[in-house]
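Residues annotated as topological domain 'Cytoplasmic' in Swiss-Prot: 1-86. Look at Swiss-Prot and you will find 30, 34, 37 tagged as Zn(2+) binding site. As annotated by Swiss-Prot, transmembrane segment applies to 87-109, with the evidence given as sequence analysis. According to Swiss-Prot, the topological domain 'Extracellular' annotation covers 110-213.
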């Protein structure tokens with residue numbers, strides 16, 4: 001049995017929590033000298049972290065039942081599990097596109113044309129004119145999201161600003177400490193959340209980059 005086959009089997013057992021103490025020690029010693037197996041371990045960990053992080057995203061009601069009804073009857077096998085470990089990045093991308101696109105499209109469609117604001121602090125909202133005003137002297141702690149309005153910042157936002165179908169006016173430079181993103185189409189909306197979600201996934205996977213963790 002080759003190095004790749006033997007130690008990838010050990011990696012699979014380690015990820016599933018089925019490896020013995022002797023096998024874990026053998027694997028750790030091998031990973032110190034084998035870059036290929038170490039990279040494979042990192043890829044599998046990233047897939048696990050990705051799926052765990054995406055567990056809060058829900059598909060539309062009845063989605064699972066409709067899919068199961070159309071599936072052909074077949075004996076249960078471990079082919080998907082093997083394929084997932086062989087192509088972890090492809091599986092991660094497929095899961096992300098399916099769940100996130102469905103959820104984000106639903107969120108985008110439900111926004112309507114009303115002016116809405118997400119954030120903490122004293123913000124003035126005028127539904128008729130569509131103006132959202134951060135008054136002079138007011139400091140918004142955290143991120144601010146404005147939908148279908150015109151954001152006028154006379155105070156300060158200590159965080160990021162997301163404008164969805166909105167425009168902005170800054171009374172003074174530096175009034176926003178974070179980034180300002182404008183989203184005016186559904187593809188921009190999906191791309192914004194894609195970047196935000198993948199950033200979280202990378203942060204989680206970086207924390208788990210050691211086999212002994």
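Including glycine, each Cβ sits where the backbone N, Cα and C put it.
Taking each Cβ in turn and tallying the other Cβ atoms within 10 Å, the top scorer among the binding-site residues 34, 37 is 37. On the 0 to 100 pLDDT scale, the topological domain 'Cytoplasmic' (1-86) averages 75 in this prediction.
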